[in-house]
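Presented below is the structure to which this report refers.
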Amino acid sequence: MTLLSVENLAIDVTRDGESHRLVHDAHFSLERGETQAVVGESGSGKSLTALAAMGLLGEGLSVASGRILFEGQDVTALSEAAHNDLRGSGIAMIFQEPMTSLNPVRSIQHQLTEGMRLKLGLSRRAARDRALELLTEVGISDPERRLKQYPHQLSGGMRQRVMIAIALSCKPRLILADEPTTALDVTIQAQILALTSRLCRDHGVGLVLITHNLGIVARHAQNVAVMYGGRVVERASARALYNDPRHPYTQGLLASVPRLDLPRDTPLRPVPGAPPDPTVPLPGCRFHPRCPWATDVCRERVPPFEAEGDHEVACWNAEVASESRRREGVA
Amino acid sequence: MASYMLRRFLGSLVVMWAVATLVFFMLRLVPGDPIAAMLADAGGAEEIEAMRRSLGLDRSLLVQYGIWFGNMLQGDLGNSIYGSRVPVTEALAEALPRTLSLSLLAFVIAIVIAVPAGILSATRRNSATDTTVSLLAFLGLSMPDFWLAILLIIVFAANLQWLPAIGYVPLSEGFWPWFSHLILPAIAVGTAFSAIIARMIRSSLLEVLKSDYMRTARSKGLTPRMLMFGHALPNAMIPVITVIGIAFALLISGAVVVENVFAIKGLGRVLIEGILNRDYPIVQGAVLVVSAIFVFSNLLVDLLYGVIDPRIRLN
Ligand SMILES: Nc1ncnc2c1ncn2[C@@H]1O[C@H](COP(=O)(O)OP(=O)(O)O)[C@@H](O)[C@H]1O
Ligand code: SF4
Ligand SMILES: [Mg+2]
């Protein structure tokens, strides 16, 4: 059975009687033990999609349409209590900000063991033993001492390791990692990412790896979904996406990633312009104000999602864009 | 933590010393001669002189201060210079338990009401419960305590006759007699305090509930109870404790006022009578004790900080 399947997900915010669509159409899926990357600029709706799966959309936010199937069950239809049962033990989440994501006044031991005691029914003793194992597993030395400590006594990288241990602690089948390394030093980013990826593989846990950096997912994810303006605009295996990015936005993202296989002085080209404001209506393709290939149809009609084998893309001019890129010989 | 506690304790002693010194010199600089006041009717010049000598008032101010300070350290605050001339410590020892009983009972009642009210209104924001709590808090804050005291006496003592209107019975004569005399004044004193704390808990909790670490805690699938008591409250209480420290001062001053309405002869009564009679040793002693309560309740708050916040305890 497919582990997680997000289908045509739309998320709205309603405030003071006014409603805006923040996520228009998110969709991707992954099997047990796989890693699925979700990539896009900040504001593209990645976090909201993950939070919807956790049932932790904040006040005023709601799933407007679509489904999120976890092991075949639509979690958007679950009661709060049933969803709560799933959290931690079915789906766990790692957040972006290690500095603020741990409770400053509770010990590491408390934060690491409370879930296990509740969800796995472990005794205080057994939970502590497992906590020590987990800390060792995420590469924290002297776990006995660390258990007694508080978040402020740990570095950012160390805290994120603790977060990974917490996420793994109740033996979930799926972990949603929302930009787990964005706030860390560059040198530590790679370590944490490799650790997360390895542990999920070792434990057979599915991983949704959310990031705004297309460069870092190549090595860790089997499949990639690219999100723009609240929509998944391209979906493919990591290899296909790198070799043949079809959506102009994906191409732009790739051009802004430093690559080892190109001459060092190849200039990085960030995608010019800013992401769309979700409160302003924008007909047609949401990328058209920034797109070098935009034509009249782009400004009027939403491009449908079309598949060529396993490679899916939503762009009226994908053929042209892809062809031209090949001719430029950048790939 | 130990050095932090020691530092704070020594700091409190210094503050106490400063307060004592200030009180001593201020009373002597205030116009008005206590001896003249004492011997208002009787007494010629030589009687006044004799009195001065016997009270040591003929020495230099600094020597007087030294003697007074030395005596104070030994627990001798002198005698009242009015009426029965009881030792000041005796008068204070009689009054202190009354004021403390009243303040502590008011404190306990206030907290017992404020904490659940604050939690309820924060977790059910904008609900009928929240509105009710906000309204009650607003009322509680806008009613002067002596006015509330009179209202309570009229309703519960005079009309309904459920509780005694005035007076004080020590705890040693039984819980109910003690409690029944104190409950109305305690409500009068504690209402504003309770309103402040409930509001503070509400706003502090609302802030905490939005935090990243609460989202993390929710993502673990914890029970609502674990979320509230294991994660949200311990954080939300940190700023509340500061306010409790400040508001406790307010509560003591409220007790001093309300004591008079209920004819409880506590510190407030002693202080006011002392001032009216120009009974300086009594005033000095009472101010000293009230300051001590202030300083040490603040010290307690600081220590509580360390208990609840590891960032303070461990640094
Ligand atoms: N609580 C909220 N209220 C209103 N808008 C929100 C809220 N949370 C997110 N948004 C908006 O929704 C869009 C998607 O947000 P998010 O999913 O956090 O993006 P990402 O994680 O891809 O950076 C952004 O434009 C953001 O401003
Ligand atoms: S649909 Fe049009 S505007 Fe949108 S990405 Fe494709 S070419 Fe650009
Ligand atoms: Mg995000």
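Glycine is treated like the rest: Cβ placed from N, Cα and C.
Feature annotation from TrEMBL assigns transmembrane segment to B:9-30 (among others).
Sequence annotations record features per position, and here TrEMBL assigns domain 'ABC transmembrane type-1' to B:96-305.
The annotation transmembrane segment is assigned in TrEMBL to B:102-123 (among others). Taking Cβ pairs closer than 8 Å, the transmembrane segment (B:102-123) reaches residues 129-130, 133-134, 136-137, 179, 182-183, 185-187, 189-191, 193-195, 197-203, 205-206, 209, 228, 233, 248, 251-252, 254-255, 258-259, 264, 266, 293 in its own chain, all 6 or more past its ends.
Per TrEMBL, transmembrane segment is recorded for B:135-158 (among others).
Annotated transmembrane segment per TrEMBL: B:178-201 (among others), in sequence order.
Sequence-distant contacts of the transmembrane segment (B:236-262), counting only residues of its own chain at least 6 positions beyond either end whose CB sits under 8 Å from a CB of the stretch, comprise 98-99, 102-103, 106-107, 110, 145-146, 149-150, 153, 165-168, 181, 184-185, 188-190, 192-193, 196-197, 200-201, 204-205, 207-208, 268-269, 271-272, 290, 293-294, 297-298, 301-302, 304-305, 308-309. TrEMBL lists B:236-262 (among others) with the feature transmembrane segment.
Sequence-remote contacts of a segment are chain residues at least 6 beyond its ends whose Cβ falls under 8 Å from one of its Cβ atoms, and for the transmembrane segment (B:282-308) they are 1, 4-5, 8-9, 12, 15-16, 19-20, 23-24, 27, 72, 77-78, 80, 82, 88-89, 91-92, 95-96, 100, 103, 234, 237-238, 241-242, 244-245, 248-249, 252, 256, 267, 270-271, 273-275. According to TrEMBL, the transmembrane segment annotation covers B:282-308 (among others).
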